[in-house]
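Step one of this worksheet: look at the structure below.
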Ligand SMILES: C[S@@+](CC[C@H](N)C(=O)[O-])C[C@H]1O[C@@H](n2cnc3c(N)ncnc32)[C@H](O)[C@@H]1O
């Protein structure tokens, strides 16, 4: 089922100074946007922002840029940034497929990808956020030894992603096909994660370190 477009979403987001519709201008200058030189982590496919709201409060000395193409969901994440006064979070409403146009070489320290669409059909695989088409760009914008943190409910997608990471010189730090909450007390449960956990669907979790 396709949700009706919320026509008020973009106008509301445009009123919010923490949302960057002209994000390409800040390539190489995100530190100035935040007004400090703290590490910058991004979340791609941030949805309604539940994950980042908790993570950013936990880590006030890390800057977060959240990315999402669906304004219907993202408007709620943007509202949270404003209402919860999340000073270390900015929002970038874009399709991540050209992410290299928004961040400079070595500008980032970590990427989070939570429950992205698995695109199971072969002809759609290239839309996956872990597809080599994306990984080559992540390689460029991530600093040496930084990490990509991936969670998904889709085992086939996870297994394919392991291959993509290996082929693109990422080293496995964590590969867990059934991420028990008791093993990861630091874990922040996302909106989609809660849905799958409620149905007892195993969650796959991986942390991949970039080797340059
Ligand atoms: C299944 S939702 C998961 C939302 C949230 N991360 C969570 O775990 O609850 C996946 C999100 O990724 C977004 N997304 C998928 N491909 C994207 C892309 N190329 N660029 C930006 N966002 C993307 C979708 O719009 C969707 O909101």
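Positions of Cβ are set from backbone N, Cα and C atoms, glycine also.
Just so you know, TrEMBL annotations are computer predictions that nobody has curated.
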Recorded substrate site member, picked from 140, 153, 160, 167, that accompanies 121, 190, 191, 192, 193 in TrEMBL: 153
Residue from 43, 83, 144 that TrEMBL also lists as binding S-adenosyl-L-methionine with 68, 95, 117: 43
Region 'Interaction with RNA' range according to TrEMBL, out of 111-116, 123-128, 129-134: 123-128
Cβ-Cβ under 8 Å with the region 'Interaction with RNA' (123-128): same-chain residues at least 6 beyond its ends: 97, 116-117, 134, 157, 160-161
Contacting binding-site residues, sequence order - 43, 68, 117, 121 vs ligand 1, Cβ under 6 Å: 68, 117
Top Cα neighbour of residue 43 (S-adenosyl-L-methionine binding site) in the set of binding-site residues 190, 191, 192: 190
